[in-house]
Amino acid sequence: MIQELKADLNGKGQKHCVIVSRFNEFITESLLKGALESFRMHGVEDVTVVRVPGAYEMPVVVSKAAASKKYDSIVCLGAVIRGATAHFDLVAGESAKIGSIGVQHSIPVIFGVLTTDTIEQAIERAGTKAGNKGAEAAATAVEMVNLLSLL
């Protein structure tokens, strides 16, 4: 027998935490706006927004939020844009560790941190040509919460 589990996008009754970086705020505010609108469209009424200085600081906040057991999911939003130094690689690498926290705590942690080569690419992904990755991250969070409830 084959059983297929497929979650819907009904977020009614869910609690989400959005952790958003202040660094590159002109990008991250667009991501946050997209995420909050997406949550609203999917019936989510309970969202806590936590602002952190930058993407590098996210993992410890994600860990604390996950350990609190207050939220059904955690969505991370940020923008790391490549510069002329190795700083991009360091920050991108550290922020990528966020996913392991979700596995450790059995909570969906959605990675909505843009890692781009140029400012233009980041702008495109924050609500222009390439859609809004914040909105996509929020929809993914709703779906993952529902999927985990089916397991």
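If you go along the chain as it appears here, the first residue is 1 and each next one adds 1.
Placed from the backbone N, Cα and C atoms, the Cβ positions cover glycine too.
The 5-amino-6-(D-ribitylamino)uracil binding site annotation in Swiss-Prot covers F23, A55, Y56, E57, A79, V80, I81, F111, and the record cites sequence analysis as its basis.
The (2S)-2-hydroxy-3-oxobutyl phosphate binding site feature in Swiss-Prot is assigned to A84, T85, R125. Annotation for R125 ((2S)-2-hydroxy-3-oxobutyl phosphate binding site): spatial neighbours L114, T116, G131, N132, K133, criterion Cβ-Cβ under 8 Å with sequence separation of six or more.
Among the features that Swiss-Prot reports, active site, proton donor is placed at H87, with the record citing sequence analysis.
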- Please report the DSSP secondary structure of R125 ((2S)-2-hydroxy-3-oxobutyl phosphate binding site), reduced to three states. helix
- Residue among binding-site residues A55, A79, V80, I81 with least C-beta crowding, 10 angstrom cut-off: I81
- Message: Using Cβ atoms only, which residues of the same chain lie under 8 Å from E57 (5-amino-6-(D-ribitylamino)uracil binding site) while being at least 6 residues apart in sequence?
- Response: S21
- Name the secondary structure element type, per DSSP in three states, that contains A79 (5-amino-6-(D-ribitylamino)uracil binding site). strand
